[in-house]
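Trainee: Positions annotated as signal peptide by Swiss-Prot, on the basis of similarity to another entry: 1-28. What Swiss-Prot lists as disulfide bond is Cys35-Cys72, Cys52-Cys68, Cys55-Cys81.
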Amino acid sequence: MYRMPMRFWLTAVVMVVVGALLLDTASASYIENTCRGVMGNRDIYKKVVRVCEDCTNIFRLPGLDGMCRDRCFNNEWFLVCLKAANRDDELDKFKVWISILNPGL
């Protein structure tokens, strides 16, 4: 029976780990790059993202989370989600937070 050298297996494992780390970093930066003002405002970002997460849990629609986050929460889906999460009374606060996450708009 043919045995693969230990060096081959070690190289394969290292490549898989590095690939997984790069993929994870790339997907995280894609999410964060949709909002230019995230850096330094992660606490605000987490509060706004929570609305989209709650909405996704309420409706269970595929892709709803992405539609809610589209254009850094500056869209109609976010407003629908805010209402669905019974947080529409906080609309003014969320508008301020979204403007902080979207500097220059």
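Using the three backbone atoms N, Cα and C, a Cβ is placed for every residue, glycine included.
If you look at the structure here, what lies around each of the features I listed?
Mentor: The C-beta environment of Cys35 (disulfide bond), restricted to residues of the same chain at least 6 apart in sequence and closer than 8 Å, consists of Tyr45, Cys72, Phe73, Leu101, Asn102.
A C-beta separation below 8 Å, combined with a sequence spacing of at least six in one chain, links Cys52 (disulfide bond) to Leu64, Asp65, Cys68, Arg69, Phe73, Phe78, Cys81.
A 10 Å cutoff on Cβ-Cβ distances gives Cys81 (disulfide bond) a total of 26 other Cβ atoms nearby, all chains included. In this structure, Cys81 (disulfide bond) is part of a helix by DSSP.
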Trainee: By a simple count, how many Cβ atoms lie within 10 Å of the Cβ of Cys55 (disulfide bond), its own Cβ left out?
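Mentor: A 10 Å sphere around the Cβ of Cys55 (disulfide bond) contains 24 other Cβ atoms.
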